[in-house]
Amino acid sequence: MRKASGCDVNVYLYQRENRHLLCHFHRFRHNKLFCFLTHSSPLAHLSSLSPSLSLALAHSQVSRNKGKRTQNQKMVKICCLGAGYVGGPTMAVMALKCPEIEVAVVDISEPRINAWNSDKLPIYEPGLDDVVKQCRGRNLFFSTDVEKHVFESDIVFVSVNTPTKTQGLGAGKAADLTYWESAARMIADVSKSSKIVVEKSTVPVRTAEAIEKILTHNSKGIEFQILSNPEFLAEGTAIKDLYNPDRVLIGGRDTPAGQKAIEALRDVYAHWVPVEQIICTNLWSAELSKLAANAFLAQRISSVNAMSALCEATGADVTQVAHAVGTDTRIGPKFLNASVGFGGSCFQKDILNLIYICECNGLPEVANYWKQVVKVNDYQKIRFANRVVSSMFNTVSGKKIAILGFAFKKDTGDTRETPAIDVCNRLVADKAKLSIYDPQVSEEQMRKDLSMARFDWDHKVPLPQYKAEGVSEQVSVVSDAYEASKDAHGLCVLTEWDEFKSLDFKRIFDGMQKPAFVFDGRNILDAEKLREIGFIVYSIGKPLDSWLKDMPSVA
Ligand SMILES: NC(=O)C1=CN([C@@H]2O[C@H](COP(=O)(O)OP(=O)(O)OC[C@H]3O[C@@H](n4cnc5c(N)ncnc54)[C@H](O)[C@@H]3O)[C@@H](O)[C@H]2O)C=CC1
Ligand SMILES: O=C(O)[C@H]1O[C@H](OP(=O)(O)OP(=O)(O)OC[C@H]2O[C@@H](n3ccc(=O)[nH]c3=O)[C@H](O)[C@@H]2O)[C@H](O)[C@@H](O)[C@@H]1O
């Protein structure tokens with residue numbers, strides 16, 4: 001008998017006539033017995049054991065050999081389809097925390113994979129470079145050889161994009177599962193051994209059922225277990241969120257094989273997440289919880305933004321109202337910052353998806369309730385742009401306006417659904433000349449975003465009135481805030497980048513046309529100081545300057 005012990009795993013191996021009886025005692029923090037499994041199999045066939053056993057074995061063997069693997073050992077392998085904002089950071093942290101597991105992140109996009117393998121990663125995320133540098137080439141690999149890595153893996157995460165459908169049934173609301181379906185068909189095609197397939201993408205509730213059908217109808221007798229393991233990271237804080245998640249959610253089938261698969265994935269996360277923070281549910285609860293969490297978060301922002309309009313009309317201050325409301329421990333203080341509107345690739349998409357699911361399930365009242373969250377968000381973006389126009393004598397035609405910030409939030413270069421697109425398009429439609437600066441967004445990306453037809457989710461048609469026809473002539477992209485504001489009539493803050501707080505506003509004021517306006521869409525600037533300098537200031541949801549009060553009402 002040989003005994004091997006890792007920091008939290010004990011494995012005993014018995015050898016008898018070329019066969020191995022493997023008893024696996026898995027201990028977690030506080031020495032709590034977590035699971036007990038037995039299996040009889042030739043060592044050479046360990047690859048066909050459940051990933052849970054393989055994992056434990058690999059873990060113990062690595063511990064025993066102080067990191068060196070021997071010929072017979074099979075390293076557990078994880079593959080992730082989709083090297084995007086979720087797949088890249090999530091797998092990088094998993095590789096860092098589980099050095100005995102090989103992690104391959106694969107994508108059909110060659111430029112994206114090339115960037116992951118270069119010094120300039122395809123996404124900007126604080127702390128990400130460091131994590132990737134530590135693991136890349138050791139147990140973290142980025143590749144376009146999708147089929148090879150899926151074939152070799154025990155666990156396959158699917159983290160492909162699931163955008164809103166733009167055509168056909170459910171256009172403007174339903175999730176487009178084209179990428180997911182083709183990923184599932186490919187997994188079924190190339191697999192020659194049993195696998196756990198993990199839904200990492202955000203998907204409509206009961207997607208796992210459809211995926212299961214695709215996999216089992218094409219499986220050639222191979223067993224697939226589907227798990228739902230939605231991701232809750234936020235961009236800009238992804239690494240922090242992945243190191244210390246509030247919770248990890250794993251949903252699986254309520255069958256012995258389903259439970260075993262849940263355990264296998266729980267073992268992976270338990271390398272760094274306390275087990276009591278790993279919530280295990282059935283598949284449908286896990287899938288729906290993700291949509292519900294995003295809907296609740298977005299609803300808080302629309303609630304405070306709705307209040308901001310009322311504050312402006314009544315003289316109340318939305319920051320004070322949010323503070324007073326948020327100190328009620330039942331409500332809590334987070335996610336109550338009034339803004340120009342929420343953006344990002346997911347809030348709107350996931351709520352629209354939720355609306356569609358409600359409609360499909362004959363629940364129009366519930367659908368209408370959630371619709372209002374998106375409608376208030378659209379209202380807030382256009383209300384802000386209208387405020388800019390109305391304050392400046394109801395016309396911005398030919399006037400230069402500085403736009404500070406284009407990303408949908410600070411500390412990311414992501415512009416998907418950023419409120420800046422709607423605000424800029426609205427101003428360009430009114431013939432303004434925009435000078436845009438963002439520390440992380442490229443000119444090419446901004447021009448692309450501003451030229452794309454926007455989809456009106458409520459009416460299933462592009463938004464002609466706000467489409468920026470004159471993007472090329474009316475928009476310039478510059479490399480700092482001072483250049484953007486030189487000779488401008490107005491300045492709009494659309495992203496809450498920290499560097500905007502410490503700008504020399506006296507210098508900016510001196511270089512601008514008079515009267516000089518500041519429209520703070522994130523409430524990050526000291527409005528009183530700006531007024532002392534001479535600016536006319538609009539801050540979301542704050543008592544209005546007398547100048548603004550006298551202008552035509554926009555709300
Ligand atoms: N961005 C975020 O902060 C969060 C996103 N999510 C969800 O995660 C999913 C992915 O989101 P992102 O990473 O932001 O998307 P993304 O668009 O950045 O990345 C998706 C990647 O999947 C690749 N892909 C598509 N089909 C593929 C296939 N068959 N094989 C291999 N690669 C394929 C695409 O080329 C793309 O690079 C979405 O469902 C999203 O709702 C969940 C939590 C947070
Ligand atoms: O599913 C997803 O994609 C992710 O969506 C959001 O993360 P993210 O969109 O990256 O960023 P958030 O910090 O949630 O901000 C979203 C938008 O709301 C805005 N916001 C946020 C908070 C607030 O108080 N006010 C406000 O206007 C932000 O500026 C931003 O435009 C959720 O916070 C994540 O938990 C989730 O995993």
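Cβ from N, Cα, C; glycine included.
Whatever TrEMBL says is automated annotation, not expert-curated.
For CYS346 (active site, nucleophile), the count of additional Cβ atoms within 10 Å of its Cβ stands at 24 [all protein chains shown]. TrEMBL lists CYS346 with the feature active site, nucleophile.
In the three-state DSSP scheme, ASN161 (NAD(+) binding site) is classed as coil. In the structure as shown, the Cβ atom of ASN161 (NAD(+) binding site) sits within 10 Å of 19 other Cβ atoms. Taken from TrEMBL, the feature NAD(+) binding site covers 82-87, ASP107, ARG112, 160-164, 201-202, GLU235, 346-349, ARG416.
Under the heading domain 'UDP-glucose/GDP-mannose dehydrogenase C-terminal', TrEMBL lists 402-527. For the domain 'UDP-glucose/GDP-mannose dehydrogenase C-terminal' (402-527), the DSSP counts in helix, strand and coil order read 43 helix, 23 strand, 60 coil.
Proximity of the recorded positions (TYR85, ASN161, THR164, GLU235, CYS346) to ligand 2: a Cβ under 6 Å from the molecule is found for GLU235, CYS346. Mapped onto three states, the DSSP output places GLY82 (NAD(+) binding site) in coil. For the domain 'UDP-glucose/GDP-mannose dehydrogenase C-terminal' (402-527), the model gives a mean pLDDT of 91. In this structure the alpha carbons, written CA, of GLY82 (NAD(+) binding site) and CYS346 (active site, nucleophile) are 16 Å apart. Taking CA atoms as the reference points, CYS346 (active site, nucleophile) and THR164 (NAD(+) binding site) are 10 Å apart. Only TYR85, ASN161, GLU235, CYS346 of the recorded positions listed as TYR85, ASN161, THR164, GLU235, CYS346, GLN348 bring a Cβ under 6 Å of any atom of ligand 1; the order follows the sequence.
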